[in-house]
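Asker: What TrEMBL lists as transmembrane segment is 53-78, 90-112, 168-189, 209-229, 250-275, 312-329, 400-422, 428-447, 459-477.
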Amino acid sequence: MGPGKESNGLDNYVFPLEGRFCDLPDTKNTEPNASVDEDGNKLAYCVTDAPPWYLSIILGIQHCLTAFGGIIAIPLILSQGLCLQHDGLTQSHLISTIFFVSGICTLLQVTFGIRLPILQGGTFTLLAPSMAVLSMPEWTCPAWTQNASLVNTSSTEFTEVWQSRMRAMFVGFSGLIGLFMRFIGPLTIAPTISLIGLSLFDSAGTSAGNHWGIAAMTTALIILFSQYLRHISVPFPTYSKDKKLHTSRVYMFQILPVLLGITFSWLICYILTIYNVLPAEPDQYGYLARTDLKGDVINQAPWFSFPYPGQWGIPTVSLAGVVGILAGVTSSMIESVGDYHACARLSGAPPPPRHAINRGIGIEGLGCLLAGVWGTGNGTTSYSENVGALGITKVGSRMVIVASGVLMVVMGLFGKVGAIFTTIPSPVIGGMFMVMFGVIAAAGVSNLQYADMNSSRNIFIFGFSMFSGLVIPNWVIKNPGAIATGSKDERGILAWNKAHENDSSNTLESGEVYNLPFGISSYLSSSSCVRYIPFCPPGVPRSLTGSGAETNSLEPKQPLGHPEPAQIIIGVAL
C-alpha cells in the first residue's frame, strides 16, 4: 500500500480501465501511476458506473451463476417436504418460479430499495423453520407413485412467507430498523456475517464431496483467474463510431473468474461424461459429476411457462407457520443489514444511511410477499454469495445486478433455459461454494476494523458471539429431542379446543357484557367488513337489535382459537 493512500476496508481501490479511475468515497490522493499490485486491488466499475451493455450481460450471467447454487438448492431441499422428490418436471417449474420472483425482487431492490449492487435470492435462513413446518403430521406426503400431479399446495410453507414478511415490510417502511441501527455496530454485524459463511461449510462440503477432484479443479480455476491472472488483459475486437473497428483490452480474468471457472469445469465434466470416464452407476463415487443426470428434465420442460400468483393454490394460515417463519425472517433482516454494509464496502460506496436501510428492508419484505404469493417455497433476502463475488470480480456497478435481475426473469419465463442450468454438476457448485463462502466469512470479520480490537471487552464479545453461534446450533442438531414441548394432548390443547367449541363471544350473555356501548355494535354489525377487524365483535345478537328472536348465537360460528385469516393478519400487524 502506498504511503499516501488509505484503505476502504478491504483495500479495494479503484481499478484503472483504459486510463480512467473511479474514486472511492474514502480513498484519498489516488495516484494514476500506482503500482501493478495496488492497481489489482482497485475496482473496475463503481456503484454508479455503467459498463457497456454486452459486458453488463456477461457480468450479469456470472452473478446469476453465483446465485444459481443457492437458488437451485433451496427448491431441491424443499422438494421432499413438498412431495416433489420424484417429480422432476414440477421441480423444474418450482425452480423457474423462484428464478422469476428473485429477478423481480432484485430489480425492485436495486431501483427502489437500498440501491446497492446486491442480488435478491432464496435464503437458507428460512429452510430450518420451513422443513420443521413441513414435517408436521398433517403435511405427510402420500405414496410417491400417486404424486404425478400432486403438489402440497396448501402447505403453510407456500403461504406463511407472505404473512411473516408483512412484518418485515412494516419494520422497514416504518423506519424501525433505522432506530435499531443505533444499537447495531461492527461487533453485531461482524459475527453475523461471518457465521453465515461458516454455517454454510456443510453445504459446500456435501456438494464438493461428490467428487473432490472436480470441486478442487473448480476452486483452483477461480483462484487462478481472480488472484494470479487478474492483471492480464485480453484483446477483444470492438466497434465505435469514432474509432471504427479496433481492439480493446479487457481484464477478463479479473471480472469473470467465477463464470470462467464454472464454465471450464462444466465443460470438462461434459467431456468426461460423453467418454464414460465418470461412473454410470448411482452408488459409485463420482456419479454426481456427470452432466446427463437431468437430461429428461430438459426434454420435458416447456419452452415457455409464465409463473402466476396462486399457481399452487389458495394461501392458508396457521399459527405454527407464522411463528416459525417469523423467527427466520427476524434473522434474515439482521443478516441483510450486515450484507448492506459489506456490499457498500466491496462496491466502493459510502456506508448506507438509515433511510436507505429502511427502504432496503421494506423492499425485501415486499419481495418476500411476492415470493409467498407466487409460491416459491421460500422467501427472498440479500444474497451473501453475490456480495462475496463483488470482492473477487472488483465490479461494483449496480447496472450489472439490473442485468442479472432481467436474466433471472427471462430464465423464469423460459423453462428450457432453467432446465439446462440444472445440469451443472454438484461438485462444480461445491467448488464454487468453497471460494464464495470463505469470502463471506472474511468480509464479516473485516467489519472489526472499525472497532478497537485492543479492548478485552470487544475481544470477549466477538469471540463469545462466534463460539456460541457455532456451539448452540451444533448441539441442537445433535440433540433434537432435548427441547421437547410435549404433544398437543399432553399440553391440554385438544381438551381446551374441545371445551371452547361453542364460542362464548356469540352468546347473548357475552354480548351484554362485551359489546360496545351506545349501540355502536348494532351499527357496526350492518357492515360486512367489521368481521375482519379483530377488536370488533363478529356481530350483534338479533335479540339486542330488536328482532325478538330467541336465538342466542350467530352464524357463522367462529370457534375460539380459530379466527379467520384476515383477523390474524390485521391483529398481528397491529
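Cβ coordinates come from backbone N, Cα and C, glycine included.
TrEMBL entries are annotated by machine, without manual review.
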Asker: Is the transmembrane segment (53-78) packed against any residues at least 6 beyond its ends, judged by a Cβ distance under 8 Å, and which are they?
Answerer: 84, 91, 94-95, 98-99, 102, 119, 121-124, 127, 130-131, 134, 157, 203, 207, 250, 255-256, 258-259, 262, 376-378, 383, 385-386, 389, 393, 395, 397, 399-404, 406-408, 411, 421-422, 424, 429, 432-433, 436
Asker: Tally Cβ pairs under 8 Å between the transmembrane segment (428-447) and each listed stretch (90-112, 250-275, 400-422), then give the stretch with the top tally.
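Answerer: Highest pair count goes to 250-275.
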Asker: Cβ pairs under 8 Å only, please: of the recorded stretches 90-112, 209-229, 459-477, which one is richest in them relative to the transmembrane segment (400-422)?
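Answerer: It is 90-112 that shares the most Cβ pairs under 8 Å with the transmembrane segment (400-422).
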